[in-house]
């Protein structure tokens, strides 16, 4: 629908139509037609009956009072209830809210039904405690109404268990979710339910008063007073209303220019319409969107985000991120600006912004998409014949090319073998590849590239890009540096865009020859079982209880399935894909009702994949996998009453291929805690509370997470009741044990969050710990779409969902035995880089390989540190004393050898004019690349295998642009003395060809001085080339004028050292030489001198 049609849909008033998004007098009803008939409204899935097990009846509203009726009737409106806005409980028969007088006030109002806008009464309820309050206020008299001030107390225990009728769900199981409006005059704000219109209460969106039948709601309690309203989102299979349709692609788009929502609110609004925030996957789509934006001036949310802490930029609708349209110098500030926008000012260019700011947004959907499910990954084991040295998988053959080449040369090598560089199209294929990569191979080329068209990635074999798996903060085309080719690296096989001229190993792929018969004899699996390394899987099709499922798997010599990583999760989901509407038992359980889930095998839960609102808020239960639209997501079910199918898993022992690396080593129980941090002898971590009464010191969830990480710690994660009990005692020692009212709204950020839209509203710990222990306080009804982070409530010592942008205190957690460094803090309260002279430095304590460390530095527009003076070395050494865990700790710096020629280089391209080698370093030149570290206490350097994981130092310069080469001196007039060669304004001479004339460096310099000359200064590549060309038959080493004063290299003529051409393995440590001077090429040599005087 075009803009003109949308404007025509605006409601009218007595004074005429108002403009879209205006704030004038508007009314959604057309009173002149006398419309008061309510058309069919939205479905009511959250309506329920409230049943008391003790009183054996259902709660019923009757004549302004409430009672427990022994006859439960699902069609009787007086027994039908629903949670509505502001934690109120609404009755569909009375069209009123449940309320009572405020505790401690003089009001005599009893428990009963009241108008939902009564301000003097308590109309808000905590769903977890509602049953106890009903028992207290209603007493035990079935069929009797409540009596003001005289509750019967004798039957409280018997009436204490209140559930949703017809199920075992508690009263928190059907929460209210905000409904975000579109168009209208409320800027996208959510509906207020119930709302009053024309003296009538509405408990859901309605079409009352509209000729067109469109559903609408008020966004304040009483429409007659405020006249604020908007249309309600509808999930439909067409794009007729509120949408623009691209006839070429069938995609539909909704531009909400008048709305101002946070990114998460905008995402929720789109989802409520069966859509998602805009994804742009090709140039045509970008061009089409630009056309629709013409004439507007706006910045709008799109689905681009990097909210997955383990991954890179992604689309919220899971489309592959293969096309990019970043503006120059974007994305910027990736640690805090995690959401993407499209801007009309830059002709549809993209920027990253803080997700909490309020902006308009764009939704996108496909017709009939609401009924579609994504196809599963294919894990079928077909038999494939491959040539020797090629590995078969799903119809293709794969080969690792260990020889390091550029991307183009790697592609040519693959083509010579009949294949092409690797293309990856599913999680199944990615898992196969990660298992084939040896751990010592850090990074490899794959076929993805944007060489044909900048920022439009495609596979070199021409296949469709349907799957992407970027590394954190990638792809970013860092500094517009033509990062046109893609590598795969890390245990999860994440991708990174890199310069194509890097020399790396690669992987080739080609079609295999399909063979008849079973694949590899099913690797020893029995008939009917499915192989997935290193186990066999079987689907039990009978619907049984949890205990029966365990017994049946044991009967088959197996166990209920455990799921340990995202690859195994994807495989299991593919097994159950066709079982729509069914559930399948797994080995995960909370049989002791502690809130802590464990695998039957006793293994720690390192990976979780919960469905929305799971693992729920009650204790106990067993975990089953859902199907249908919630394919593969985990849900807690009653172990005895619920019946489901099941999955058995039989391990065949040693994996055929290497498994993914395990988690970080378990911290020691004997390690000490840093000063100011606390722990318990039974716990492996240390904990610290960060609290302040000053509002400016509090932080959002993202800021709190960053503050912990700057200390080398993480936001608090909790794996057991014992761990949480210690934290609770620590809080009580700090703040005192007192009544809950004293600590009301005293909350602390913990690491639990569901910020990643790709996780399906599943809660996850920010440190990667599996979410196996839960202690949510559901009574607060804070489980709507926009509350994506969790806090620990000091009053209840339970968890509460909260908007991530709220400014709060926080708790950090660090492994025992880890030293904490206090970060440098600016007046604004955030850690800054340390400045020295014209550069800034940052010290990262987490361990990374040299290549990973260099890449992380580039995320901050920095490089691994280069060192050019004793003063700079002393500055680094001074700070390493503070940051290091031990005197001998090593830190990566930017010096390394090139694989092509073995020469040392700084990563930032600066010259090597200073060295600080430890005795015996560097080691002799070998075939492996060398990377250089700095020792914390001695400030000296050593070389190490680049795959070693060490902390590291990043450095960034304030200067911009590339340094310009120095101007060359003009060629002087005149000539040189006999026996000298002229080049530009210098004269050069080699002397001492006779072996008897060879001297030490100091003697060579004295000889040149006697001729009114100096040992040669080589100031630029041209002089280097001239001298090299002058030495075709020289077979001995020659002295030049470069020497080290202490550790700094300088020319004898005091010219600045702007050019170097070190030999492989140089500059090395000092060798014996007079006056401490260093022979660069070793041994006695001939003096190479230059004469500086007017020529002629």
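Note: Cβ is positioned from N, Cα and C throughout, glycine not excepted.
Here's what TrEMBL has on this protein:
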DISULFID  191-217  disulfide bond
DISULFID  205-232  disulfide bond
DOMAIN    186-234  domain 'Fibronectin type-II'
DOMAIN    248-364  domain 'C-type lectin'
DOMAIN    393-509  domain 'C-type lectin'
DOMAIN    532-639  domain 'C-type lectin'
DOMAIN    682-813  domain 'C-type lectin'
DOMAIN    836-955  domain 'C-type lectin'
DOMAIN    983-1081  domain 'C-type lectin'
REGION    1-29  region 'Disordered'
REGION    141-160  region 'Disordered'
REGION    1062-1096  region 'Disordered'
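This view paints the features noted in TrEMBL onto the structure.
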residue	record	DSSP (3 states)
191	disulfide bond	coil
205	disulfide bond	coil
217	disulfide bond	strand
232	disulfide bond	coil
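The CA atom of residue 205 (disulfide bond) is located 8 Å away from the CA atom of residue 191 (disulfide bond). Non-local contacts of residue 191 (disulfide bond) by the CB criterion (under 8 A, 6+ apart in sequence, same chain) comprise 85, 178, 179, 181, 205, 217, 218, 219, 230, 232. Across the candidate stretches 186-234, 248-364, 393-509, 682-813, the maximum count of CB pairs under 8 A to the domain 'C-type lectin' (836-955) is reached by 393-509. The Cβ of residue 232 (disulfide bond) has 23 other Cβ atoms within 10 Å, all protein chains considered. Within the domain 'C-type lectin' (836-955), the DSSP-based counts of helix, strand and coil residues read 24 helix, 43 strand, 53 coil. Cβ neighbours within 10 Å of residue 217 (disulfide bond), excluding its own Cβ and spanning all shown chains: 27. The average pLDDT computed for the domain 'C-type lectin' (983-1081) is 68.
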